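Below is one structure, written out as structure tokens; the observations come after it.
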Amino acid sequence: MTAAAESTVALGGRFARELNELAVPWEAEEAPDPKLLVLNGPLAAELGLDPEYLSSEEGVRFLLGNHVPDGATPVAQAYAGHQFGGYSPLLGDGRALLLGELQDSRGRLRDLHLKGSGRTPFARAGDGRAVVGPMLREYIVSEAMHALGIPTTRSLAVVATGRQVRRDDMLPGAVLARVAGSHLRVGSFQYARVTENTELLRRLADHAISRHYPEAAAAENPYLALYRAVVAAQASLVAQWMLVGFVHGVMNTDNMTISGETIDYGPCAFIDAFNPAAVYSSIDVGGRYAYANQPVMAEWNLARLAEAMLPLIDEDQEAAVPVAVEALGGFRRQYSAAWSGGMATKLGLAAGEPEAAAGAEVQDLVDGVTGILKDGSVDYTLFFRNLAKAARGDSRPVRGMVMDLAAYDAWAERWQDLAPDAGLMDRTNPAYIPRNHLVEEALAAATGGDLDPLHRLLEAVSAPYSERPGLERYTQGAPEDFGTYMTFCGT
């Protein structure tokens, strides 16, 4: 790779320049023996980065933060947050760095961020490092979410550092290169608010408006418009999580983005057997972030954002509170509409028309199918794929999944009367998701040096709606001996 190719890597520093109070210049830890494990070539091209360069020795060092382009200044970002309901006034990037910003092929500004790049001033007791398994988990799941059409941060690369990292055992270290619309979080606003620097809070909000919701700038109250936009984005996002059976696992306020992108995939999972109380994270002992609790927790987080933004919504705090409460009230309406409309589409009964999804008959069918799923602990993803076969006249696969055939048959008769669109169902209900047992299989193999299962899984989940020969095992639930699934964040 030529020097000319390297010179095309230009990173901006807008966040650090406009919000220097939230940015601490810092250097990544040197990796002793780096090795590129996986590179997202299409994403690299979208960002104007040469995949060949990124695969070179210098390019790999760039992905680790060990080779910083001229003019770039990596920074650790400061933020606060509520973690499992407990407030921490200072969290920040303890093991991560914002390398800078890139403009993508559509003219959007995107953050290039490293995870596992070493201790920063925010590290507290942590070692600042990450290990191969959790970084590849984020790569797999974030790219699967993108393929599902769900707003998410993206994964550009995972690089093994060549350093062993102590967790319960000694494990191979790694760095994830992550791409996002920004890394602004609810916790960013909480940190700015706790400084009692209203001018900083205003600059942060202006930065968020400029990057994510420029239409808010023209509103009578731009900051209220920003808040309403974040509420709407999160209502849509969480509904999309619920519709595919995604459990985030750690919905702290520092893990909720202003952009409406899913971020931080540490202890995430997808439900197999439908269970509203599903919890996979080892640290969520009380079930705070269980599958069915996710909309409630998102609303709770947004209330914390409103508290942080009160000085911007109205200079008179007493006047600001009812305005913020009214704006937050939009979340339940918007989430309910997105969930009901999405479920109707999963049933092949609506092509996105709100009036169709809102029909009482359709809503009754939505309620009925969730009852069938729950009562029989039915595989959530496979059920809807097989239901599309029933829409085409073959009900044997789906009937073979349910416990109460009489209840299903009564429900299905009413559903069939509405002439469900099987093609719409196939375009809406994925055949392939990152099933927990397949993710663990890929991570275990990769930790041992075998990347083939990882690449096969990525092949499946990168085109989730199109069934292909040879990928049948990727549509199936976990084997009986897989046992109870528990995830760990890897810190």
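Positions of Cβ are set from backbone N, Cα and C atoms, glycine also.
There are 25 other CB atoms within 10 A of the CB of D254 (active site, proton acceptor), with all protein chains counted. In this structure, D254 (active site, proton acceptor) is part of a helix by DSSP. According to Swiss-Prot, the active site, proton acceptor annotation covers D254, on the basis of sequence analysis.
According to DSSP, R95 (ATP binding site) sits in a coil region rather than a helix or strand. Counting every protein chain shown, the number of other Cβ atoms lying within 10 Å of the Cβ of R95 (ATP binding site) is 22. The ATP binding site annotation in Swiss-Prot covers G92, G94, R95, K115, D127, G128, R178, R185, D264.
Marked as Mg(2+) binding site by Swiss-Prot on the basis of sequence analysis: N255, D264. In this structure, D264 (ATP binding site) belongs to neither helix nor strand by DSSP; it is coil. On its own chain, D264 (ATP binding site) has E138, V250, N255 as residues at least 6 apart in sequence with a Cβ closer than 8 Å to its own Cβ.
Around the Cβ of R178 (ATP binding site), 26 further Cβ atoms fall within 10 Å across all displayed protein chains. Note: the Cα of G92 (ATP binding site) and the Cα of D254 (active site, proton acceptor) are spaced 9 Å from each other. Note on the binding-site residues G92, D127: the fewest other CB atoms within 10 A surround the CB of D127. Distance between Cα atoms for D254 (active site, proton acceptor) and R95 (ATP binding site): 14 Å, as a whole number.
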